[in-house]
Amino acid sequence: MVKIAPSILSADFSQLGKDIELIERFGADFVHIDVMDGMFVPNISLGIPVIKSIRKMTKLPFDVHLMIEKPDRYIEDFVDAGADIITVHYEADRHIDRTINYIKSFGKKAAIAINPGTPVCVIEELIGEIDMVLIMTVNPGFGGQKYINYCSNKIKNVKQLADKYNPNLLIEVDGGINDNIIKNVVDCGANVVVAGSAVFKNGDVEQNINRLREALI
Ligand code: DX5
Ligand code: ZN
């Protein structure tokens, strides 16, 4: 079963609690939370106090995508704030193996994200050690961008490695996913799909999530 992880980056921040209730009601599996520091990516989004405050709104797992430099500095804070899955970027951390083990030491799920321009082979040895790989299918920093086509091959590569080293691996795709492309990424091997603008557009979360699910049939 494919999991849907709406990115609250595209929610209405003036009524974040209400938007989270809506995605839970209409069948989201994870809440995808994009944390940006204005250094690793050219945008600043939200951080630890916001996560803490929305934690009480839902029982859904918090899938926290850290687009920040040297994420190891803040892992414990994100654990305390209520993160269930913590994703760090391969490109943002010199000691990714250490950071993964650090995340796991809190009993949380550890994931590595790779940018579109980063080849899958750099994380080959780590696939057996982690819970999830996040394949960026746009350059991180902003919602509402266009899916980069060559990333479909990278999803297939990760799927092959997962079959070999870690059959339970969650394979998440993030960026530019809509009802036109979702079937393609799932056929390539993705089993967790992030969608921001496609879930929150036109203020009709129910219809938007239904459209994504129907496109998978
Ligand atoms: C981009 C973020 C994504 C983004 C997805 O840096 O990691 O999660 O919000 O938004 P859409 O689905 O609109 O591309
Ligand atoms: Zn994200």
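From the backbone N, Cα and C atoms, a Cβ is placed for every residue, glycine too.
Unlike curated entries, TrEMBL annotations are predicted automatically.
Just one of His65, His89 is listed by TrEMBL for the same divalent metal cation site as His32, Asp34, Asp174, and that one is His65. Binding of substrate is annotated in TrEMBL for His65, Gly141, Phe142, Gly143, Gly144, Asp174, Gly175, Gly176, Gly196, Ser197; the matching candidate from Ser7, Ser14 at the same site is Ser7.
Residues from the binding-site residues list (Gly141, Gly143, Gly176, Ser197) with a C-beta closer than 6 Å to any atom of ligand 2: none.
Those residues of the chain, other than Ser7, His65, Gly141, Phe142, Gly143, Gly144, Asp174, Gly175, Gly176, Gly196, Ser197, with a C-beta within 8 angstroms of the mean position of the substrate site C-beta atoms are Leu9, Ser10, Asp34, Val138, Pro140, Gln145, Val194. Put simply, Gly143 (substrate binding site) is 12 Å from His32 (divalent metal cation binding site) when counted between their Cα atoms. Note on Gly176 (substrate binding site): other Cβ atoms within 10 Å of its Cβ, all shown chains, come to 24. Distance noted between the C-alpha atoms of Gly176 (substrate binding site) and Asp34 (divalent metal cation binding site) is 14 Å.
Asp174 (substrate binding site) sits 10 Å from His65 (divalent metal cation binding site), counting Cα to Cα.
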